[in-house]
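Asker: Checked Swiss-Prot, it gives:
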- 162, 332, 361, 362, 383: (2R)-2-phosphoglycerate binding site (BINDING)
- 204: active site, proton donor (ACT_SITE)
- 239, 280, 307: Mg(2+) binding site (BINDING)
- 332: active site, proton acceptor (ACT_SITE)
């Protein structure tokens, strides 16, 4: 048995220049694992707490409290634990915090330790992380959900919907699917420049131009897909992030106020006109009646993903399954606080035929943990931004490495 011999954490920077937690775990044989915790901008109200210092440093965004919690409170409790018993470690972290949302220690403290320990254990066994976490059945390369036009909370523009994405289904390998996205992305930049639009990038590497409405980005994507020669092989996915513009029982966008029913009909019209295969957070996180209606209307036609709705929480997802809200769940480890809790949510979804989408956050780093995690859990889909900015391409490049060992791309079988 190898045990945890040393734990330490310190501040590093994420892709927005804000501090975040980096944790390092050393085992009794000298194996080391490290992990950097991401941070979201558009967040669900029921997410696990990201502990910030709220003082004068970094505009209040420092994480020295979370770092101290790792170096003192957590380290004292987990030194000597079996490094290969991830469940025991994560349950210990949860019990040590004593709340249901990590409001004492901070999910940015617990997740960093959880991820770093998994990495150290994999290193000790000489295994890639995806194989250690997923076992012999970890083999499926996910279909990327690439966010190439940014809006909402991820961009400084006038577009309400947060993400306009493309999904390359019609390919037999991950590398060929990724190539199609690259080619479409390059064409999109030229289209925007030629039409006098900004080619500035949003938080997730997608372009962030001002556009007439929430339909114009879809038209742009359709034009670029056609010019690249990938019609019928690449589809469109949307992250509406509608909680961000929901107020007083209405959805305020494009200068108008929409009811839930109005917005659902808008989605029905969009799906009839465009090859849309997935809509994420189409309604607000607490608009439960609306979610039930949306699922009744479109749930047998397209993927309806709950992000703010479920926040990677097993108990909340279970309620959603019972009420028949959505048919897929976004998986963000930092929403729930440990690797084990994340895996439990994925397994619950898969047992109930809900699809899973592994996801980054808008505040990211060069850490590619979620690439391995997506393969480990056979989620079949991954969201990790556009093919720009190193914190995004790190995940794609890691998946290209994994493909050298495991070449089953889900593609049209999704």
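Using N, Cα and C of the backbone, Cβ positions are placed for all residues, glycine too.
Help me picture where these features are in the structure shown.
Answerer: Over all protein chains present, the Cβ of residue 332 ((2R)-2-phosphoglycerate binding site) has 26 other Cβ atoms lying within 10 Å. In the three-state DSSP classification, residue 332 ((2R)-2-phosphoglycerate binding site) falls within coil.
Around the Cβ of residue 204 (active site, proton donor), 31 further Cβ atoms fall within 10 Å across all displayed protein chains.
According to DSSP, residue 239 (Mg(2+) binding site) is assigned to a strand segment. Proximity of residue 239 (Mg(2+) binding site) to non-local residues of its own chain (separation of 6 or more, Cβ distance below 8 Å) is seen for 147, 161, 162, 163, 165, 279, 280, 281, 305, 307, 383, given in sequence order.
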Asker: Where the record says 162, 332, 361, 362, 383 bind (2R)-2-phosphoglycerate, what is the longest distance in Å from one Cα to another among those residues?
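Answerer: If we measure all Cα pairs in 162, 332, 361, 362, 383, the largest is 17 Å.
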Asker: Say you check the Cα of residue 204 (active site, proton donor) against those of the binding-site residues 332, 361, 362; which is nearest?
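Answerer: Closest candidate to residue 204 (active site, proton donor), judged by Cα separation, is 362.
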Asker: Under a three-state reading of DSSP, tell me whether residue 361 ((2R)-2-phosphoglycerate binding site) is helix, strand or coil.
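Answerer: Once the DSSP labels are grouped into three classes, residue 361 ((2R)-2-phosphoglycerate binding site) ends up as coil.
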